[in-house]
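Chemist: Below is a structure I'd like to ask you about.
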Ligand SMILES: Nc1ncnc2c1ncn2[C@@H]1O[C@H](COP(=O)(O)OS(=O)(=O)O)[C@@H](OP(=O)(O)O)[C@H]1O
């Protein structure tokens, strides 16, 4: 796997992320939609049995063991989840799956043993991680993750829901030329009520999604990372994450520089490399111009949901 798929930009360089895979990590097995992976027990709604070879126990293979993730980046789409994962991968005690396995939303019927087989091997004391931003808005994800391990640490990168929606739209537009305008999709009947059935809008109702998670996990299991501060102060946000994961603060401001061409913080040296690297061009895409009146209406729409989210998390993200 070419490293440039993960870190597509560097001074004088180009490229794209493409697959969302990263740094030398093999892609998960590709199984056609609807097909089942062979000889793997289905995931159960109860905790995995504690017997050798059972889904709950680590599997020895080569150097280190494949273990279930102890920490997950569960959201949100377009929040800055890739940047956070790649920053954390600089830490010697973090091993992460480069691709998004989508186990707790799309692939759950492949079973826990399949899921664990995707994970990189870790030594004692190292943390296994993966990120799949759609988990945060998947109704069944909290129950399923809880049944894997009620001790799982959950990280949510959140961003102003209006900017997030525009970013989401920009991504869809890049794959679907001729898409109706953002404004046409955001409001029903022209400039009628906000269309909460549109996923770009619905994902930003953070308080509602969090309520579903809190039925299974206490707040102490969550860390909410500001997507805005991840850009303005990456070392500060990654410092909070390292504390939350019980890790030494190894990733610090020494690892970052601001790349004026990219307009984002980049790494002075990516994992296993001596060269500076930025994320690929699908991260930090130009956004289409959205009229200020549309932005304002959405700001007003989200305000009560944002306030509720601030209350629930005891954190003010400053979006209002
Ligand atoms: N360092 C750095 N470099 C590039 N981009 C950065 C960085 N930090 C945060 N971001 C923001 O990450 C946004 C993409 O978020 P995700 O990685 O969560 O997207 S995805 O859901 O996995 O598609 C992406 O959104 P857009 O700017 O709208 O493309 C970026 O704003």
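In case you wondered, yes, glycine gets a Cβ from its N, Cα and C as well.
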Chemist: Return the residue out of 67, 159, 275, 297 that TrEMBL annotates for the same 3'-phosphoadenylyl sulfate site as 78, 79, 80, 81, 82, 167, 283, 284, 285, 286, 287.
Modeler: 159
Chemist: Quick check for the class: what is the C-alpha distance, in angstrom and rounded, between residue 278 (disulfide bond) and residue 78 (active site, for sulfotransferase activity)?
Modeler: 16
Chemist: Let me spell it out: for each of the binding-site residues (80, 286), count the other Cβ atoms within 10 Å of that residue's Cβ, using every protein chain shown. Which one has the most?
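Modeler: Counting Cβ neighbours within 10 Å, the top one is 80.
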Chemist: Residues with Cβ closer than 8 Å to the Cβ of residue 167 (3'-phosphoadenylyl sulfate binding site), same chain and 6+ apart in sequence?
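Modeler: In sequence order, 78, 159, 285, 287 meet the Cβ cut-off.
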Chemist: What whole-number value in Å do you get for the largest C-alpha pair distance within 78, 79, 80, 81, 82, 159, 167, 283, 284, 285, 286, 287, the residues recorded as binding 3'-phosphoadenylyl sulfate?
Modeler: 18
Chemist: Just name the winner among 266, 278 (the disulfide-bonded residues) by count of other CB atoms within 10 A of its CB.
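Modeler: Output for this query is 278.
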Chemist: List every residue in the same chain as residue 284 (3'-phosphoadenylyl sulfate binding site), at least 6 positions away in sequence, whose Cβ is under 8 Å from its Cβ.
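Modeler: Spatial neighbours, sequence-distant, of residue 284 (3'-phosphoadenylyl sulfate binding site): 262, 263, 264.
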